[in-house]
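J.: Sequence annotations record features per position, and here Swiss-Prot assigns signal peptide to 1-19 based on similarity to another entry. Under the heading disulfide bond, Swiss-Prot lists 37-77, 73-129, 118-138.
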């Protein structure tokens, strides 16, 4: 019994450490063109918001508008280089396909519904950088809410 409890404790600790590590990662850092987009916008990794900061909405209150815009330009660069965006326009179908591939979400999954809602919410924005950051922030916030609701279930 003690061994079983120890295994559960270790599993919980690893899960917590993994979630903490993910929230400390920088938005977009998992993508191939991350370094290229940072260079194109004369930014360093220190200039980019963390996933935790964006998913909680803290990026909006802790940073100046210029920092928000610059982070958005890096996100737009990543989306454009992956063929998900051209200028300020999304390729919604490709965005859904890539999201499903990346997350393993299945049709009817609430995460896909959240992505659709986030794309709809931001589709009429004209500034490509602000639009990109708002889209990413919307999706990350929705994923955090869904993860919290699934933990409580």
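Glycine is treated like the rest: Cβ placed from N, Cα and C.
Walk me through where these features lie, including what they touch and how far apart they are.
T.: For the recorded site, residue 77 (disulfide bond), the DSSP three-state label reads helix. In this view, residue 77 (disulfide bond) is surrounded by 24 other Cβ atoms within 10 Å of its Cβ, with every protein chain counted.
Remark: residue 129 (disulfide bond) has 69, 70, 72, 73, 75, 76 as non-local neighbours, by Cβ distance under 8 Å and separation of at least 6 in sequence.
Every protein chain considered, the tally of other Cβ atoms within 10 Å of the Cβ of residue 118 (disulfide bond) stands at 20. According to DSSP, residue 118 (disulfide bond) is assigned to a helical segment.
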J.: Measuring Cα to Cα, tell me the gap between residue 37 (disulfide bond) and residue 118 (disulfide bond) in whole angstrom.
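T.: Between the Cα atoms of residue 37 (disulfide bond) and residue 118 (disulfide bond), the distance comes to 23 Å.
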J.: Measuring CB to CB from residue 138 (disulfide bond), give everything in the same chain under 8 Å that is also at least six residues away in sequence.
T.: 114, 117, 118, 121, 122
J.: I'd like the number of other C-beta atoms within 10 A of the C-beta of residue 37 (disulfide bond), please.
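T.: Here the count is 21.
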J.: Run through the Cβ atoms and count how many others sit within 10 Å of the one on residue 73 (disulfide bond).
T.: 20
